[in-house]
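The structure appears right after this line, and notes come after that.
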Amino acid sequence: MQTYLLSQQFNTGSLAENSTACPANATICNGTSCVLPEDNFNETLSIVLSTVLTIMLALVMFSMGCNVELKKFWGHIRRPWGIFVGFLCQFGIMPLTAFLLSLAFDVLPIQAVVVLIMGCCPGGTASNVIAYWVDGDMDLSISMTTCSTVFAMGMMPLCLFLYTKMWTDSNAIVLPYDSIGISLVALVIPVSFGMYVNHRWPSKAKIILKIGSIVGAVLIVLIAVVGGILYKGSWIISPKLWIIGTIFPAAGYSLGFLLARVAGLPWHRCRTVSLETGMQNTQLCSTIVQLSFTPEQLELMFTFPLIYSIFQLFFALLILAGYRVYRRHQVRTKTDVEKTEEKEDSKSMSSHVKINGGFVSNETK
């Protein structure tokens with residue numbers, strides 16, 4: 001019934017049945033753009049890769065938990081100002097930005113809805129890895145990711161109801177609460193074990209954290225590559241979606257940082273809130289899209305979550321590179337200042353010695 005309603009509301013047009021540009025087994029064919037059904041090899045590959053990625057993600061979140069202190073984490077829960085700022089960014093700024101971008105570029109209704117779905121998704125776990133590399137507040141990062149996933153149970157339906165009314169009935173969009181619950185469990189359990197290890201064996205936790213951070217960086221790139229491999233369909237979609245997929249994550253990072261700074265958070269927490277805002281749970285968005293739309297409708301927007309994923313990673317790496325350059329320059333500047341101060345101290349000492357005829361008091365030794 002939901003699929004039928006969407007088919008009526010989104011008039012996507014008929015398919016080019018006699019097109020010679022696509023293979024005969026294509027489920028969707030429109031000129032040079034086609035989507036192929038999954039063959040046995042692709043299905044097997046998907047299962048194997050999903051299993052490997054799930055295990056790697058659990059290990060990465062376990063290692064991230066090794067950098068979380070229970071007292072600080074509980075402190076963010078008891079005094080949730082940082083979490084509240086992140087909540088405003090996640091379910092205030094991002095859905096509104098998606099709505100404004102859809103209006104500004106005048107995309108098709110079905111394309112506007114998928115942009116809004118992306119904007120309403122909770123934060124992704126990749127933000128925790130990047131937050132570690134930019135010296136962010138890991139306790140705040142983990143608590144924000146956990147809380148945004150919990151809040152998504154109620155905030156996603158509310159945001160979609162408010163922003164999609166002009167394009168479609170929000171009841172026609174299927175929200176996979178089981179996937180949200182699985183994401184929450186996959187986050188909480190490994191992090192909890194990591195916090196326990198950090199509490200009992202802090203020295204071993206540091207080693208695990210270093211290894212996990214490297215594995216996490218590899219995992220982020222691997223997920224982006226695997227996403228492109230599993231889609232054998234054409235990447236030829238509306239240029240407007242490419243532009244929105246480029247602007248959207250950059251706007252999320254910038255606006256999240258700005259709001260956090262206006263709220264008076266320190267710099268390391270501003271970086272954390274920025275990453276938590278811009279990095280969305282794109283896997284959840286892809287699941288919602290697959291459950292909610294027909295194959296004919298997917299042809300217009302099924303690659304947008306992948307586009308967003310690629311550019312959110314691209315801008316996150318730019319932020320990381322920029323921070324590393326800034327930190328190296330800052331350390332170099334501090335070293336130069338310390339050397340200058342040492343020279344000045346030695347000069348004052350020598351002049352003091354000359355004035356006192358070579359006598360040096362015990363206080364100056």
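Glycine too: its Cβ is placed from the backbone N, Cα and C atoms.
According to TrEMBL:
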type	residues	note
COMPBIAS	334-347	compositional bias 'Basic and acidic residues'
REGION	334-365	region 'Disordered'
TRANSMEM	45-63	transmembrane segment
TRANSMEM	83-105	transmembrane segment
TRANSMEM	112-134	transmembrane segment
TRANSMEM	140-163	transmembrane segment
TRANSMEM	175-195	transmembrane segment
TRANSMEM	207-229	transmembrane segment
TRANSMEM	241-260	transmembrane segment
TRANSMEM	306-326	transmembrane segment
Original post:
Same-chain Cβ contacts of the transmembrane segment (140-163) under 8 Å, 6 or more residues past its ends?
Top reply: 64-65, 68, 73, 76-77, 80, 82-83, 86-87, 90-91, 95-96, 98-99, 116-117, 119-125, 127-128, 131-132, 170, 173, 175, 177, 180, 183-184, 187-188, 191, 269, 272-273, 275-276, 281
Original post:
In the same chain, which residue numbers or ranges, 6 or more beyond the ends of the transmembrane segment (241-260), come under 8 angstroms Cβ to Cβ?
Top reply: 85-86, 88-89, 93-94, 97-98, 101-102, 105, 107, 111, 115, 118-119, 269-271, 273-280, 301, 303-304, 307-308, 310-312, 315-316, 319
